[in-house]
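Participant: First, the structure itself, so that you have it in front of you.
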């Protein structure tokens, strides 16, 4: 999609209007009077960055997810700590990138309407707009989140790539998300990359006997071994081989072929509801995936939000006021 067509689509959606049942305190028109160009400003900055470096779309989507799963969507992932003990310092977050996009968007907003738009809202918008730049789905983002003031490395308990289906379902249920949200949001791996360090045990020494995970397609294991040597922990690996640059339903085809990169991907075949969803996306060429993803992302953005007098509006996203 050309950038001008992207902008036209967003303008059209704004004119048509979208009906969304948002939690109390959030509103699609939250900044209409106090910062009327807030969304357009964030969109402009996001397009500038992601159009030059499309891989940032996956990175920013992941950052938003990691933020929402720890203390809710409060921008706490963005905070820095002089003691290196904030959320961003936890091992699962060390590979996060794209902070500069959020900071640039926030900086642009501070020039237009200082102290008005929260970093939590900026991150929510940046994630949405980044996915849209690479031709992914659009979803409405009701605004009005406030920024958290607490960010602790010790509280980072994200859904693990090594987790089975029961643990993953509990992770999601604890955040008010259901089994369908789990499988749908896993589809975000269609544009993600990881590294050999997270999969070497699956392909070289799964049970400590020099074997590979039997839930994996043997031909896929052979392919991965060519890319990842036993002591290689840094080489990148695509989560959706063959379609990593395109936001589509191809990820579900990969999982159905037992080529899910992580245990958390493969285990989606172990639950009747998640397997049924995967089979349906494969058989219908992802006919409902974009809408489903939009719906689940909308729900994700509501997780444990701060509104009203809670939290604050940070002047700089990396530091509390």
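A Cβ is built for glycine as well, from the same backbone N, Cα and C atoms used for every other residue.
Pasting the relevant annotations from TrEMBL:
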SIGNAL    1-21  signal peptide
DOMAIN    25-321  domain 'Plant heme peroxidase family profile'
DISULFID  35-113  disulfide bond
SITE      62  site 'Transition state stabilizer'
ACT_SITE  66  active site, proton acceptor
BINDING   67, 70, 72, 74, 76, 87  Ca(2+) 1 binding site
DISULFID  68-73  disulfide bond
DISULFID  119-317  disulfide bond
BINDING   159  substrate binding site
BINDING   189  heme b binding site
BINDING   190, 240, 248  Ca(2+) 2 binding site
DISULFID  196-228  disulfide bond
Participant: To see if you understand the setup: which same-chain residues, six or more apart in sequence, place their Cβ under 8 Å from that of residue 67 (Ca(2+) 1 binding site)?
Facilitator: 73, 74, 75, 76, 77, 78, 87, 120, 123
Participant: In angstrom units, rounded to an integer, how far apart are the Cα atoms of residue 70 (Ca(2+) 1 binding site) and residue 159 (substrate binding site)?
Facilitator: 10
Participant: Given the recorded positions 72, 119, 159, 190, 248, tell me which ones have a C-alpha lying within 10 Å of the C-alpha of residue 66 (active site, proton acceptor).
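Facilitator: Close recorded positions: 72, 159.
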Participant: Have a look at the recorded positions 62, 72, 113, 119, 228 and say which one has the shortest Cα distance to residue 248 (Ca(2+) 2 binding site).
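Facilitator: That would be 62, the closest of 62, 72, 113, 119, 228 to residue 248 (Ca(2+) 2 binding site).
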Participant: For a quick check of packing: other C-beta atoms within 10 Å of the C-beta of residue 62 (site 'Transition state stabilizer'), how many?
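Facilitator: Total other Cβ atoms inside 10 Å, all chains included: 21.
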Participant: For the recorded Ca(2+) 1 site formed by 67, 70, 72, 74, 76, 87, name the remaining residues of the chain with Cβ within 8 Å of the site's Cβ center, in chain order.
Facilitator: 66, 68, 69, 71, 73, 75, 77, 148, 151
Participant: What's the most sparsely packed of the disulfide-bonded residues 68, 73, 119, 196, counting other C-beta atoms within 10 A?
Facilitator: 196
